[in-house]
């Protein structure tokens, strides 16, 4: 399978290493607008985002390799590709239940755990060592940071960002585009467009 990565920042570099550890995947291009013109290096094309259509064909998949939830969504909307043109990348050291569902374009990092009947939306990031327990429901463009834990039956709206080592107790709902600070413990529902920090987490900002 040939792969094109959109973005070449820090998050992309992690995905590049992940893909190199997988059999039957080959990165053919890394696109980023920091490249003003096309160039080749070690068999990989480096070029601006606008080069994508010239490189796409039936056996090529795309990954939005950008850490920002907002930028990922904006780029997906701009590209307007079919859902099946996006590749989900799952590290071989991740543990994913056979009953879990993972949307196209989502990336699951090493030592992450996704347990029974969890549902992960499209273009999300389950980062290193993150735990998504049973029956969690995560919408599109979510980012679960390293070592964060979502206990059972948690629901996250679109674009939610859970900070590193945060814990969300069972049954909690967090509205779209909210941010939970690193190390926080969420024991109450959080509305959309909020930032909450602390243990227990308290809302410090509302959009």
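Backbone N, Cα and C atoms are what each Cβ position is placed from, and that goes for glycine too.
Record features (TrEMBL):
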- 134: active site, proton acceptor (ACT_SITE)
- 67: substrate binding site (BINDING)
- 143: acetyl-CoA binding site (BINDING)
- 2-79: domain 'PglD N-terminal' (DOMAIN)
- 135: site 'Increases basicity of active site His' (SITE)
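Sequence features, as recorded in TrEMBL, placed on the structure.
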residue : record                                       : CB count, 10 Å
67      : substrate binding site                       : 18
134     : active site, proton acceptor                 : 18
135     : site 'Increases basicity of active site His' : 18
143     : acetyl-CoA binding site                      : 25
Query raised in the report: Taking only the recorded positions 134, 135, 143, which one has a CA atom nearest to the CA atom of residue 67 (substrate binding site)?
Result: 143
Report task. Could you measure between residue 135 (site 'Increases basicity of active site His') and residue 143 (acetyl-CoA binding site) for me? Cα positions, answer in whole angstrom. Result -> 17
Report summary line: Integer Å value for the Cα distance linking the residue listed as 'acetyl-CoA binding site' with residue 134 (active site, proton acceptor) is 17
**Report entry** Secondary structure content of the domain 'PglD N-terminal' (2-79), with strand meaning DSSP E or B
**Finding:** 29 helix, 23 strand, 26 coil
